[in-house]
Every structure is written in structure tokens, then in C-alpha cells.
Amino acid sequence: MVLLQRPHILLLLIDTHQFLQCWIAFGSANEEGQQQEEFSEELLVKPLPDHKLLAHFHFQSSAPPSTSNGCHHHLFPKAISQLVQKFRVKEMELSFTQGRWNYESWGGFDPISSSNAKPPGVELWAVFDVPQHHIDASWKNLTHTLSGLFCASINFLESTATYSTPEWSFPPASGNVRYGTFPCEAVCTENLTPWLRLLPCRDKAGIALLLDRPSLYRGFYHSQRLHLTSTESSSEGIDSGIILEQTLTVVLQPNSERAIEVHASEKHVQPSWSLSSIFGKQVSGRCVLAKSSSVYLLLDRGLVAELKFPNKENGKSAANGLTSENFWSNPSFELSVNPDRIFLEESSSHSKSLSILYMFQVEKYSESEPFDIGLMWKVPVAWLCQQTPLHASRFLMGSGNERGAIAISLKSTQFTEGFMSANSKDGSCELRVDVFQVVPWYVKVYFHSLRVFVDQQPRAVSDFIEKIHVSPSKDKMSPGVMEVVLKLPCRVNTAALTIEFDKGFLRIDEYPPDANQGFDIPSAIISFPNFHASMVFLEDDSLNRSPLLSKFQDKCPVMSYTEVLLVPLTTPDFSMPYNVSTIKCTVFALYFGSLLNVLQRRVAEEERFLKAKAAKKTGRLPLLLSKLSAKLRGSGINQD
Amino acid sequence: MAETKEKSLSDEKPKPRVRPIVRLGIFLISHSFHVSVVCCTAGVLALFLLPVLAKNTYISENALMPGSASPMLSNQHVSDGNRLVKDLTNPNSKSSETGIESHKIIAQYMLDLGAEVSFHKFHPQMNQFHPLHFFSSPDSGKIQENYSCSSYGINTVGIIRAPHGDGKEAIVLVTPYNALKSGFGEALSLGIAYSVFSLLTQVTWLAKDIIWLVADSQYGEYAAVAAWLREYQTPKFSSLSTPNAEMCPDVNNLFELKGHSISGSKFSNSFRRAGTMASALVLKVRDQNEQFEDTISIYAEASNGQMPNLDLINVVNYLAVHRQGLRVNVEKLWSLLNSSWLKSLGEIFESLAKVAKSLYPKWKFGIPATEYVEGTATLASSLYYQALGVPTGPHGAFRDYQVDAITLEISPKFSLDKVWRNDILLRGGRLIEGVIRSVNNLLEKFHQSFFLYLLTSPSKFVSVGVYMIAFALLIAPLPMVAASLYVDANSSSNCSKGDSSTPSAITDTDEHSIAIRSWRWLNSAKLVFIVHLWGAIVSLLPYFISQIPDCSPTTSFMIWVLLSILSLLTLNSVLASPLACAKATQEKEWALVKSVTISSVFIGLGLMSVINFATAEIGALLMVPMCLLAQPLKLDVRAGTLRSFCRMICNLVLGHIAFPPAAFFLLKGMLDGFGNANVGDFWMWVESLWAWNSATYLFIGMVQLPCWVLCISILFHTC
């Protein structure tokens, strides 16, 4: 027994020793006034109007500046910190997305959609803290590193023809930003696994336990994002280290069986769900390394307005910590778990009603008593999510292999009226729209052909475009970039931008293996700098602030991505090179053969020869005979 | 003969050795008569051999994988489709005069499935003759004039977004539907489409968006689809005429639907789009049918003889025959099926194949005579519809935008009981589901299989490499005959001069006259050019004639003929008058004219074969014998031999047949009977040709008609 116990004790000793060391290290860090490495995990669930459910996982790890504790980390992924140090990345965002964000029914005006709705495929942008002439080299190295790290073909963004340098329209406006997208990347588990490996508990404990691959990839939208900011190498005095923010946004259909079987009257009842029914798993306690671990349920403004909570006036008191009964046992729905806290949104200028956030602490739950919230709807509710001021869609015009046009059409949504009153302080109300569009070089855009239509009338470009920046594409070198600031009147119904292009020709080795599919034009970014999607929730303790909620408070401009376009280009018959080379060789042989023949031939000589032959009037046989006889005669002479 | 001459010459005066290729050319030119006879016969024979040479179709693109997945369309979806059919055929839904009610019903059904729905209003565009619009890509049309509120159609469009897809591509399903007088067949086609649509909202394998277009066919199926495509591909952002149909009360009524629906965000009155169209299927169900089997007819010909990729037809054929047990039909010329000469030809080929097989067992090219007759009938119709250049259905509108599309027409065996209706819904639906699933599997657009082919049966085709041989053989003698005529015309005059004067006494004036003589062909070229110019004018004339209001086809045609003759006479008197006096002095003038005509015909046919092969083939069948045989009747009369008499008869017959209106009436008579032939029919036919921008019209106006006129002028040449 003793013998058996001894190693345990030894291990314990070692453990405590290490722990003490860690403790000392932390203590010293604290003494120096620095933060520790921190990790927090959060999940936000939000019912969507079209019977779907949005789940937004938010993991945040932060590391203090490396100057304080060398290059060793406890929680923070080392790969990321090395990457930041090596390439001196100031800010970076990488997203892998599958499916499309449905701006019309899932909204576009809240912090979740404006920062987590991403274009399909891979999108990467990075800001570097290096001299101008080193940026491109850093970018190339960064793409290769990330490509290895996430098992994705991000390295295709290395070539200068695929990434661009936005001047000012891209949100982190500065000259050091590089932006590239790769729309045809297929996103799957092999990208998720390395992403999860960056978490301290991976998907073995905590909220990440819910990330069941089959149910995630069955969803309608799936976007995993990695955003990091670092002030590691900034010249300014403030050092906050690196903050790594990993989010995963999925839109799922809670009820697999169709509503058709249900009676027509119950057709519009939202499906009831629980975490275990949508993910097939439950949360059994938090990740022990996490500082905070909580699950939120968000009822957005439209839904809250529709639900009509009986006593809205008491909202303030509820927010102050008095958990009022009627907030979760509403006549229209029922929660399976009592929320730990309820947050009410601070009054926003954009909307009359306020959203409600229910918070559940995961810490309380354990393996024996797993955490699982469920929501049961009792009556049909229908609401609309808050949409972007203008709904943007982009499409191709024209047909054929020669030329075409890209059109971006903006259509006002019903929410615009609400904003107008808020925005028209000074008599002339204007709506600012930024358009950022990258086109690959083989789509040769004629920027002079930019045309603006406002309310179905062709208008002069200078009337509505306040600022425009264009960098034309160079063949095989760089893509074309167009950044436009539009100033539209608030009462605009429709607006459209069209721009014409010619389709270029590629060399045969530049075609991808599936050339006949067509070529992608990456999404355009439409942003509305005048509008900020932020949600400020009333919180009492500012010390214990949740990273997700503080993220919601950030004033980020409302952004939306347009569709990816597919341009069919002329493709050669790929068996052609063989045919062409054979034909070419034949032609060359014929040409050179006849040329040499002509050059060698002496016409006059030939004629003389022929004449001589004609004079002799002898055939071949007589000639031979005469020669023979001459020889014979000659020999005879010799003999003589 | 030439060689002997050459030998005799070389005996006197040594000549440099002639290159073999040149010698071959000289040989061919000198024997042009025999060569042309052999080539033309071979060409016609090769055309008749095409059904024998046809290959079996095969699925070329591996990604299509038709029929590899078991169909998911269940009875549940069929009963959904049945519900829609019942609602549409319900007499209550037809109470409204404009048929808006049924559009509302369809839209509501689509919305209930969770699809995005929008209405597309359109004004039917009158088909007009745009002289310069041939071959040009379809444009957005000119700014529309003020239309009255009453004349507009409404397309109902439902879109399913693929849950995992990136929305770059879309598959279009079209069902023409006339709300005002819809037969049961149209309702049934909507039922089939709806059952497929309701299945596709649930499936997880969808990678491309699905667009279901219910095309309002009260102004024609094609017009509705074309209007929707025009709006999809080349929208107009500006509308100059503000009092447009938005103001009409009916339309506002239509949009009230929005209020009724709970999921209001799914419905919008703006035009909705999905990505690049990968392919399109038009589904129709025929009303009456006397057949004893469920059959499905495939229509594929689009404008100017363009065909969709063969793989699309293959997939439909494979799924229909091997999975759903439907019989697949391709259009045939029914009149050819009973012709005895074709049957005997088929028997000859069959017996030949038997002989060949007995000689060498590996030669297996024969097909049974009945199959041969059917193959020929299908081939003839395939050639005919391609040559006409008029699309055979609404799928033609898609081809103008490089989208592969076909029309499927299901003709069920007629019976009214419910079991039968469910059966046709299930089988039709499963067929459509299978085709959509196959196209959905495609990573790239259709490119693997053939675009240039002629069908001889739904599962047999003749590819471009084979059918071009027949055409090439047919037109091969043209340049040879032209060259030999030119050489003859020059050398004969040379010889006649040469005999009179000794070679030693060649003076400057003679050299000058030789130079003039060698340029003599320019006169003939001028004549040919003038006639072609006249052809261009004639083909432009209908544009002006169509501007005359209230003109019956017959009178229009008469005006056209009169104006054409008038313009020919004027042109001749203005431009060709100096030629006329020169003509009298020269013998063999007609040979030069014929030579230039033949070369121009050769060029014309060669160009046409690139644009529309079928037109060129049919044109070559008519024009090549006429050009080759043309000789002044006077000469034949003078000669008086049997051979010249035969030639004269042939010339006269061909001269009648090759005249375009005559050829048209002959063809029409053969197909429909001569009883109801009307002079105005030709005008109507021509009108339809230019309305569809058919290149055949240009070919007739600018190649065939001038050629005919030139040949006639040769026939009546005074020499």
C-alpha cells in the first residue's frame, strides 16, 4: 500500500511545487501591475424569425505583453503568440465560412451579424506593424503560416494577384492593412480541429463540449472566426498584450422533423428547442481554466416588442437584479432553467423596444447535473430582425464570353424610416454608404463605365459619389480595387451601381483544375459608417465584465457582404495543347521545307541542265549505256 | 488529256518538273466533271448513311452520376402536388378575369414551403424585324412605349436557397401556365413542379439554388420566359415611363398577398435573383393524348440550330428509360416513316451489312431497316428544326444566354382516375428530381459532351466529325469546277488567238490584250457582286414592308416580289450597263460567270456551315447540283444530244426547285399536303424567321437567292 501510495505523493509534491511556482509567477506579475493570462468562454443563443436558431460561441484568451514574462505561456496558445511576434501583426482576422448569412431574415444591424456574417470561404485581413516595404513579405509569410496552422489553402492568398491594399474604406483604416479572400475554399472539420486546439480545454470540457461536428455542419450557416489584436510591438506606451478572440457562429434548424405534419394552425409556432436537442450534447461544467463561463439567451428587439412583456415599466427594477418572475415565465414561452441574471438593454436610439439577455452561469453545473437550457414556445410569434439601412445585392449582367457588367443594387428596408428621424438633425439628411470591391485581374473592369442609378433614374456620378479610390488591375500582378463613398438621400428607395468589364484570357497553366466552373469575384463589402451596431446592457459590476458583452458595446459600423459571383470565362479545350503543337509542328515543317527548297534551287541552272538533257535526248538507260561504253572505251585506251 | 498535251509540249520544249501537289491539282481540275459527280453522289450517300453511322449516347461527365441515388420524392410530396392541382382546377380560383387568383395561390403555396417568392410583371415585346440584330447578343430591348394596363403578364418566381451552398449557381425549373385558360395538363405540370419543389426545400444535398418560374403563357410561353431572362440578365435600372403598370389596380391587388403571409420577409415585389444559371428544364404536360404509353418528348433545338449539351439529354433519357419506365421521344418527320423508298434503302443497307459481316465477322455496322427508317425520320426532323433556326420551345430563350436548357413534354396515357394522376405526379416528379440532382452534382458547367450533334433517336447521335464529311464531300467539287471553268474560259480564247498568230510574232499589243483578257473575270465578278447586293436589298425590304399598316400576308408578299424585281432591273440598268455591251463581244462569258458564282456559293456555304450546319447542308443539297449543272439552254438545244437534253431537263427542274418560295411550298406540300397552300404562307414563314433572328433568313436572302438568279441568267444566256 505504501509502495503504491508513494508515487502519488511524489506526483503531488511535484504538482504543488509547479503550482507554487506558477503562483509565484502570477503573483509577481500582479505585483508589477500587469494582467494575467485570461480565458473566458461564452455561448449566446438567439432565436431567429424563420424558425432557426443562432448559436454564437465566443472564446477569448488574452496574454500580457511578452516583456513581462518572457515567451512562456500558460493559457495562451503559443503558436499565435509566436506568429504575432514573428510577423509583427497588429491586428488580424481570419474567418472560415460555409453557407450564406441571410441578411433579410437573420438581420444585419446587431453586433453579431455585422461582425460575424462573413463571405463564404476564407477571408483574411491583417494589419502589420512593419515598414511599408516589408508588409508584403510579412503577409506572404503569414499566409503560409496560417495555411499550415489551419489546414486550409490560405497560401493561395500569397500571390499579389489575390490580395489587395484597401486605402480607407476598410474599417481598420490604415495603409498597412492587407485584405484577401478565397471564396472557393471548402470549410470542414479539418479547419475546426486546429481552431479548437488553440483553446486551453479544447473541446474536452466547458462550453466547447457542445461542438458536435455533425450537428454543426448540418447547419445553414457556419462561420469560425479568429480575431487577434496585439499591442505587443507598438511604439506607444500602453501595452495590453495580445487578445485572441475566437468565435464560432452557427445557424441551426432546431427541429429536424418538418412542420408540415403539424396542423396548419400550429405551423407558425416556433419550434421548441434545448441545447441537447440541437447539439446532441450537454455542458457538464465549465472549463476549469476559464475565468468565466456563461451561456446567454438573447431575445432581440423585434421579438421583445412582439412578446409584450406584461409590465414593461418594471424593467428597470428587473435589470437591477430583482429577477422578476414574468421575464421567463412569459405566457408565450417557457424556459427550462431559471436564468441567473437578466440584462436589459440600455435605451437605444434606433429602436423603440429593447432586447433582453438572460444569463446562465455554467459553473454551478457538474457531470452529474449537466447544464441544458430549453425554450418552449406556446403561442406563434412572428417578428422581423433589424436590418441594415439598405439591403445590398450584387449580380452579373450580360451574357457571353466577351463582356459583362457587375451591378450592385441597394434597396431600402423598412427600418430606414426609423433611422431617418434619428439621423436628420440638420435639415439635409444623408445616408453614407461605403462600397469596397475587389475584382480579380482577369475581370477587366472599366472604371470609367461606372454608372449610378438612384430611384430608377440615371444620375451623374459626381452627384452621389463623394469620394472614390480606384486602383486598376495589372495583368497577373494585382487585382482591381474600387472604394466608393456614396452619399444618398435618406428617402432613397433604390440605388444601383453598374460597372462594365471585359473578360480576360488566361494562359493555359493559369487555369485551375476546375476551370469550367467559372471564376469567383469576391464579395463586395457594403458598410454604413453612420450607423453603429452596438448593444449596451446595463451591468452593475464593471469589474467582472463579460468579454462578449463588452464586445457588443463596441461601436462597429454596420457592415454587410454581398454575394460571391461566378463569372464564366472562356476556357480552352484542355486537350488542345497537344493538337496545337502537332499542327504547329506540321506547319513549320511544311514551311521550312518549302522555303529551303526554294532557296536551294537554282532555276537557271536547272533549266540549263534540262536543256542539255533535252539536247542529248537520251533516257536513263541510254545514258547509262553511254557511260558504260565511255568507261569501257577509256579502259580500253588505258589498256592500249 | 492534259498530261498527253503536256508530254507533247515537253517533247518540243523542255519544261521544269511540276511538283506533285500541283500535278494533283491540275489532274483534279482537268477531271472536274467526274470528280464532281463522284463527290456529290458520295455526299448524298454519306448523308443517307448517317443513321447507320450514329453512335450510342453515353454520359460523358462523370460527376453527373444519374440515378445513383434513390429518389426521395415520396407520396407525401405527391399529395402536396395534388393539393395544388385541385386548388388550381377548382372553379372558384378562376373567378377573377385576369387569373390573378391562381397566381396568388401558387405564390402562397411557395411561401408555405419557405421559399422566397416574387412576381415579375412583363409586357410582351412584339417581335420586330431589326435588320442589324442578327447574331447580336440579346439586349435589354429598347425603352418601352407606354403600354396599357391590360396587356401584361405575371411570372411567379420561387427561389430555394441551398442551405450549405454559396449561391453562385442556380438551376431553373420552368412551368408555363396560362391562368386564363389553363388545361388540366398545365395544372398537372405545376403539380409535378410543386411536389419536386417541396422535396427540395427539405433536402440537405442541395448545392445550387433552385428557381421555379411559373411563366405566364398568355402571350406565348417563349415571350414570358424571354422577358424574365431579360430582366434577370440585363435589367434596366431606369424607367423613363413613370405611369407604368405599377399604377394599374390589379397589380396592387396582387401585392396584397404580403399582408396575408406571416413570413412576410420572404415575399418581395422586387425582382429576385440567384447566381449564374447552370441549366434549365422546361416542364409541360400535354392535355390530350391517344397513346397507350406514358411518353416524354424532348425538345432541344434553340435559335440558329444551337443545341444544349448532349449530356443533358442523356441524363433525361437515362433516367426516364431506366428509372421511371417512360418512353422517350424525339421529334420525327412522321411523313417519312411510311415512305417505301426509305424502307428499301434501309433494306439495302441491312443486306450490305449482312454481306460485310459474312465476309469479316467483326464488321458490325448494320441496323435493321425499320430502325433505319425511324433514324432517318428523326435525323431529318433534327436537321429541319436546326436549319429553320427557330427554337422549338421556351428553352430557346435560355440558349441565348448560354444556358443549357431543354423542354420536357410529358404525354400521359389519358385516364381520369386518381391513381393514374398520382402515378404520373410521382414518376414525373422523380424524373425531374433525378435530373436536378444530377445537375446539382456538377462542379463545372456542362462542357464534357458534344454541343454539335444531330440526334437519330433519343439514345443515338451523330457527332460533328461524322456529319461534316457528308457536307464536305458535297461542296468539295465547287472550287475545282470553278477553277476548271476559269482555266477553260481563258485557255480557249488564248488558243483561238494563239492559232491565228505565230508565237514568234507576239507584239506589245497582244501582250496588252492578254493582260486585259486575264482580267476579264472581273466583269463577271462585278455581275455577281451586283446580284449579291440585290440579294442584300431584297432581304432588307421586308423591314420597310412590315411598316405598312394593315397589310395581309399575301399583299405583302406581292409587294415584296414586285419591289425585288424592280430593284433588280434598276440595279442592272444603272450598274451593269457597260457590261452588257462588253458581253456581246465575248464568247464563253457564261463560263466565267458560272465560275465566279460557284466560288461565291462555295464561300457562302462554307461560312454558313460554321454558323448553322443544318441550313448549309440543306442549302448545299439544293444549290450544288444547280450550280454545277447550269449551262445556257441555247447551247444544249443546239447540241441536241441525249446528254444535253437530260441536262436541260435537270436544269429546268432544279431552276424551279431551288427558288426559295418554290422550295418552301414544295416542302410544305410534302409535309402538310398541297391543299391549303397559300401565297401568303411564305411571307408568314419569312416573318417568323426574322422574328427569331434566324441566320437562315440571311442565308436565303444573300446566298441562295442571288445564286438562283445567277444560275437562271446563265440558263438564259445568249451566246
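Cβ atoms are placed via backbone N, Cα and C, with glycine included.
Worth saying up front: this structure is predicted, and the values here are computed from it rather than measured.
Annotation comment: TrEMBL describes B:21-50 (among others) as transmembrane segment. Sequence-distant contacts of the transmembrane segment (B:21-50) (same chain, at least 6 residues past either end, Cβ-Cβ under 8 Å): 1-3, 345, 349, 376, 379, 454, 456, 462, 466-467, 469-477, 480-481, 483-484, 487, 617, 620-621, 624-625, 628.
Sequence-distant contacts of the transmembrane segment (B:464-487), counting only residues of its own chain at least 6 positions beyond either end whose CB sits under 8 Å from a CB of the stretch, comprise 28-30, 32, 35-36, 39-40, 42-44, 46-47, 49-50, 53, 450, 452-454, 521, 591-592, 594-596, 598-599, 601-602, 605-606, 609, 613, 616-617, 620-621, 624, 627-628. Marked as transmembrane segment by TrEMBL: B:464-487 (among others).
The feature transmembrane segment is assigned by TrEMBL to B:527-545 (among others).
Positions annotated as transmembrane segment by TrEMBL: B:557-579 (among others). Through the fold, the transmembrane segment (B:557-579) approaches residues 523, 526-527, 530, 533-534, 537-538, 541-542, 545, 548, 551, 679-680, 682-683, 709 of its own chain, all at least 6 residues removed from its boundaries and within a Cβ separation under 8 Å.
Here TrEMBL flags B:591-612 (among others) as transmembrane segment.
TrEMBL lists B:618-637 (among others) with the feature transmembrane segment. Same-chain neighbours of the transmembrane segment (B:618-637): 36, 40, 43-44, 47, 383-384, 387, 471, 474-475, 477-478, 481, 590, 594, 597-598, 601, 605, 608, 644-645, 647-648, 650-651, 654-655, 657-658, 663, 699, 703-704, 707-708, 711, 714-719, counting only residues six or more beyond its ends whose CB sits under 8 Å from a CB of the stretch.
Here the transmembrane segment (B:649-671) has long-range neighbours at 333, 335, 622-623, 625-626, 629-631, 633, 636, 677, 681-682, 685, 700, 704-705, 707-708, 711-712, 715, meaning same-chain residues at least 6 beyond its ends whose C-beta is under 8 angstroms from one of its own. Sequence annotations record features per position, and here TrEMBL assigns transmembrane segment to B:649-671 (among others).
Annotation source TrEMBL lists transmembrane segment at B:691-716 (among others). Residues of the same chain lying 6 or more positions beyond the ends of the transmembrane segment (B:691-716) and with a Cβ under 8 Å from any Cβ of it are 127-130, 133-135, 303-304, 387-391, 527-528, 531-532, 534-536, 538-539, 568, 590, 593-594, 597, 600-601, 604-605, 608, 611-612, 615-616, 619, 622-623, 626-627, 630-633, 651-652, 655, 658-660.
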